[in-house]
């Protein structure tokens, strides 16, 4: 954990550790910065949430494809092809979108919207619907990922950038941990599609809470700028 918090600052353009400082001291300094930055805290929680969600999708989509939609292994492969094509479109759209630093509320909204298409796909698990859902998810996935990275690069001081990105990776890994304990009971009780529906709704609900927190922070900053 200490090494992950320390990160690879040189590789990400951050300043190297100060001479005489230890790995643990640098890690602790990075952690202190992260927990005192509301933007970083919200993004860390958001990263954990989206990681959990996508692992659930990967697990339940197999029985949904084979048993509910009955599209077989070839159909499942086409779904992930559609996801990849959506990602390509997302990258192309990024070039056409307005340049600038995305706001924290927008980043939270984009990441939370990832759950909306999957909720639709779990509710109406037909092959055409799932193809459209995966394509749209691919677009949103790339756009939200770039927006998140852009916001961090613009708001985190350079000396802490490597450590913050490493903490994001730790959050992504931690998001996987509850999945096995979560998916089994939900799938047994509600079926694979029901498990995805509940998870999607939970992600939307928690994303709404994070969005409100980000909005309050944004409004406070705007008020401070006006008064200043």
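Positions of Cβ are set from backbone N, Cα and C atoms, glycine also.
Given the structure is predicted, the values throughout are model-derived calculations rather than measurements.
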Practice prompt. Out of 20-38, 39-57, let me know the one TrEMBL marks transmembrane segment.
Written response: 39-57
Worksheet item: Which sequence positions outside the transmembrane segment (104-124), separated from its termini by at least 6 residues, show Cβ-Cβ distances below 8 Å to it?
Response: 39, 42-43, 46, 49-50, 53-54, 57, 64, 130, 132-134, 136-137, 140-141, 143-144, 147-148, 151, 193-194, 196-197, 199-201, 203-204, 207-208, 210-211, 214-215, 217-218
Worksheet item: Any residues 6+ beyond the ends of the transmembrane segment (189-213) with a Cβ under 8 Å from its own?
Response: 38, 42, 45-46, 49-50, 52-53, 56-57, 60-64, 67-68, 105, 108-109, 111-112, 114-116, 118-119, 121-123, 125, 182-183
Worksheet entry | Intrachain neighbours beyond the transmembrane segment (77-97), with Cβ under 8 angstroms and 6 or more residues off its ends | 61, 65, 71, 130-132, 134-143, 146
Worksheet, complete the sentence: The predicted model's mean pLDDT over the domain 'Major facilitator superfamily (MFS) profile' (39-228) is 91
